């Protein structure tokens, strides 16, 4: 808001009066009749066109029979009621009748005036009467004619009445604002005032307050109108239509989305698509023009309106200093030579900012509505086009940008309550609030799939064939697309404000210079030149911040990556006692980040201070030139308007620096979207649709019954595609004919990277097809439906049932069969909600095997006749895989359907195969035919099948298998794990207190004293310098210009200004150091709290949710919390000083000033209450849009295979509409508060001006000007105070979420007494006495009175059926659950030890070990404590080198530098166990716990692991093995048999086997290999 100052002097002289020209007053009466004449001609032409259009419509209606129906409907209802309804309803009809009545009265009055004596000529009176007769006729038409003629009549009538009102306002109202004695029509007396009241009612009041008629976008499908669509003009101007929402929110704690007004029909996604696709969709535009021109065609009407609003904004902005200048001139001159009365300029101080606010808010209203629509349009466009593209792997270089952009983004598994809440600023109303809602391509943590088939594989050069590279491929693609709809869309939408740069900047700059020149002559040009010279300095300094920002972001990325890696293996960190080291590592990363953050903040502060100094210097040089060189008097009427104009000019130049980067970013992002639309490779069917068929790409008839390929080559990319990389060299070649058997099970087998998946993709049309023969074809009939189960299982964030149904109707009998045959019953029984359990983003609540079976169930349940199954057995253990083969693939639901199954497990699936295709490693078909024929041609395959058959047989020996036919649990409720607490209402003081106390560190009082003292000193200095400027100007009222000591005053003024800058700088240096201190402390407290939590809390809390606290919310503490709080404190200090200054010079004004402040505060409270509700719902609505987009892109191949594109589009539209429903009121609420506070501020200033000018005060002229300057500043800050307070509220949500994680379940903290002796442990002795355990304080016991003793070096096997307490015992030994009793480890009770010391000296190897993303070296030695020689020895002892042998190529060998994917995704389960064993050997623990892997690992790997355990561990290492197969523990020293949490047997295996009713003996007797087990037990007994 501009700063003005006004001087005052007693008004004791009369101004000169200058009557307006009589001819002018007479001739303007011709304007209404001229407008009416033009209107009549246009109306006649428009009526003729409407009648012609109606006849054409009627003819079409007769042709389709709709005319008769319409007549019948019309006859069936009351004609008058129907007519009123068509006109818009009873209220609109009443207002139109009232206007008709006013026009009729006006006509009568003007006829009466014409008949009687008049001071106007008869011809002029007749023309006015004719005008009102025509207006009355139009008013009658608006009441009686049907649509659309009524609307036409209303528009013409409004134009004529407004023109007439302007003429009579100028003739008869404006003279009262001047010193002219009387209005032009004063001779009419009271009749004149009746005319003016009736004319104002008809021309202004009725059109302004009458509701608008709802015009549906589609007349055939009208929707319920929104308040905005029927709001009156005045309601739209002042946003009264938002009052209902504000009041609803005011009366409740939280307003749900369902209570918002529905989205208007013109904002619905399908209507936006109809509007935009003809200009944006490459399949409809048939050109590669820049998307900018398409968007301009769509929004050209909006941009015309924005352009007009900018003109109005500039005019009203400059009107305020002009008004101040004229008012002060009037005061200084005593009114001599003026025409306008002073009350006009006083009123102008209210009207100018109010009208500017109306224009500016309507500009923002239109711009934000364009943003929401453009967001929906571009999101839908990218979504639709993504359904056409070919999924292909990206090279590292291609995927680099995507990965970098999304590295710190919110994980897809983030709950919607975790969205970062931010709010718009006045000029840039769209902050990056989507950054916490992005569906990042980084996946959340989930249990890894057990992929037996990849047991011996290492990273393959052909990325498309391994599970890991397929995942990388999708990750790159999804990351790239997510960046388009998040990062790029965030850049595009703010760039709609480019008119601010192209129009507002030149207009405002030119008018500011003109105004300055008009009051300060050519000295203003000196100031302008100074500004142009100095303005690049802040930009130059700011350019250096970019490098610091890059370094800071790199350190942030490193910290986020470390936090992500740590939390992804959080359980391992707890079990290994690594919490202190993990905390130290994270703190180190944090310190490095904050070091650069401090540099960045200090440099930004320097930029701010220099940016403040530049306009100060410009003002000083201008005033110096005007007073010292030009020797002119610097009066109050020149000083304060000039200050305002200089601020406008500085704002204009700053806008250039603000807007150019924003527009450049928007242009680059728009070009990225355009490149995606025009350059991305499409599937062949879409490429032919767009470009026409290419040579040699003839497809077979889709209705053909043939399933197969003949003489064809398939690649993952078109040969002509310029983006093709070295990874695209693979080609699938089918020489001759390959025909699959219909109604049968077809197998596709072959080595890794041979093209098995590619063959399925070729059938589905996902690969680029090239014919190599005259009769080549590829055919997959889709008339019976196609179902596809991908190797990388794809699930939606829906319930288990919805994932299986996938849009199909529910058939209970079929559904239950699918559940049983796909072995999902026991899994569903584990969930409290049964099949109503939500699986989460990317199926986070499911294991890899569960997701594979869920994907299979979807395919089996569908009615598709073609089932394409891609290696879904690989993610299953042998027991489950055997069930799937026997119960599902042999079952009645598959019988008669064509199954094409890719598998490595020939031993299992081969028994049901009718036709087998064997692939060779070069992507060709090696053999096809029956299984016997294929096995005869490949001895190696026969050997593999024999080995796999042995593994199948071993499944019978498992001692804790799950009953796959168990009954499923009934559904109770389906929400994930624990509902996250969503705060309602305002941010609590306790959360904000965390930050406020952390700012001061150990000396909070000293910090706040220094900061607040310097801040208030700076604000007082600013106000004092303004007062001193008025004091300087006052000298020219008492002395001649030559007598004023210019150098004295300008020196003091300069010292005051620069001292203020230094004080401000000191305040913010203190604040920056406090902010760094708070950021470090809060991060440390959060990490310490999370790392010190219990495993029980971890089980209830998704890792993704913890990750958001440690990344997104911590980033908010560094940025948004800091900036919003500092802005709020700054604005609060400024308002306090300004208000005190006003009260100091105008003490009597404290009451109205306080009332205005209270009114502003009350409006602000209502706004913030509503805004918090709307913002939370907006965040909640945004996350599903991005989540559905990411999930759809991940499952692109599956969606296209099922033909579910339309369903995905409809779901996307539904979610976009929900987001629009929340986004529109979010922006409109900002308009609602802005217009009210701006009007309130203008009223405050005008009231003060009236008091100072007309009140009997003794205030001097400079004092009056100073008071007004402070009042204007104060009134403008009311809005910013509300905004910054709202920012604090919204950003404080991050503090609330962090505070929630500071008060969680914690394990006992380390103490000095808990540090063990240095020698401990010297042995692996273990003694357990009366151990009881439970998982929660109020939960049941899971272990009962466990007592046993193990000598150092003994190998103990632990067996028992599922639920017997094996895992609970291992957790109890590590004190991970609540225990009673005593455990002695090497003679010391474990409950007396610190947990980290205990767990560091016990190593547990879980069934599926967790691995860090990074190198193998980092996994074995995360904290760099061992040299490579030790690590090599550990790998050798663990058996890795023996497993790799000599037949593995060098590039396929696992070495210390081998990259390990997150969770070890690029390794088999067996390889992961070997690495976990090596890690245990490196740790040199005396006590190890092994949770043995199931038979999912291959035979060779299992043999190596068992040999390493028996022979490579130290003789003093005690080993407890939780066994899943008897043969791995029958040679143990002792075996412990658990049942229902109790030890039922514990002795040597040979002893236990001699017990006739012993449980171990019963288990052995049930085994199919009992003889071998007895032999192993005897050999173990004899060896001891």
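Just so you know, glycine gets a Cβ as well, placed from its N, Cα and C.
Unlike curated entries, TrEMBL annotations are predicted automatically.
Marked as transmembrane segment by TrEMBL: 25-52, 87-112, 124-145, 190-209, 303-324, 523-543, 602-626, 1006-1031, 1052-1073, 1139-1164, 1185-1203, 1266-1282 (among others). According to TrEMBL, the domain 'ABC transmembrane type-1' annotation covers 304-665, 1014-1290. Among the features that TrEMBL reports, compositional bias 'Basic and acidic residues' is placed at 394-403, 449-465. Residues annotated as region 'Disordered' in TrEMBL: 394-469. For 412-423, 438-448, the entry in TrEMBL reads compositional bias 'Low complexity'. What TrEMBL lists as compositional bias 'Acidic residues' is 424-435. Taken from TrEMBL, the feature domain 'ABC transporter' applies to 709-947, 1326-1565.
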Surrounding residues of the transmembrane segment (602-626) on its own chain - C-beta under 8 Å, 6+ positions past either end: 516, 520-521, 523-524, 526-528, 530-531, 534-535, 537-538, 541-542, 544-545, 548, 632, 634, 639, 642-643, 646-647, 649-650, 654, 1046, 1050, 1053-1054, 1057-1058, 1061, 1064-1065, 1068-1069, 1072
Local confidence of the domain 'ABC transporter' (709-947) - pLDDT mean: 82
Intrachain residues whose Cβ lies under 8 Å of the transmembrane segment (303-324), provided they are six or more past its termini: 2, 4-6, 296, 345, 348-349, 352-353, 355-356, 359-360, 362-363, 366-367, 499-500, 503-504, 507-508, 511-512, 515, 637, 640-641, 644-645, 648, 1268
Segment-segment contact (the transmembrane segment (87-112); the transmembrane segment (190-209)) at 3 or more Cβ pairs under 8 Å: yes
For the transmembrane segment (1006-1031), sequence-distant contacts whose Cβ falls under 8 Å of one of its Cβ atoms, 6 or more beyond its ends: 3, 5, 7, 636, 639-640, 643, 999-1000, 1049, 1052-1053, 1056-1057, 1059-1060, 1063-1064, 1066-1067, 1070-1071, 1074, 1129-1130, 1133-1134, 1136-1138, 1141, 1262-1263, 1265-1266, 1269-1270
Beyond the flanks of the transmembrane segment (1266-1282) by 6 or more, those residues with Cβ under 8 Å of it: 1-6, 324, 353, 426, 640, 643, 1023, 1026-1027, 1030, 1127-1128, 1131-1132, 1134-1135, 1138-1139, 1141-1142, 1145-1146, 1156-1157, 1160-1161, 1163-1164, 1167-1168, 1233-1234, 1237-1238, 1240-1242, 1244-1245, 1248-1249, 1252, 1259
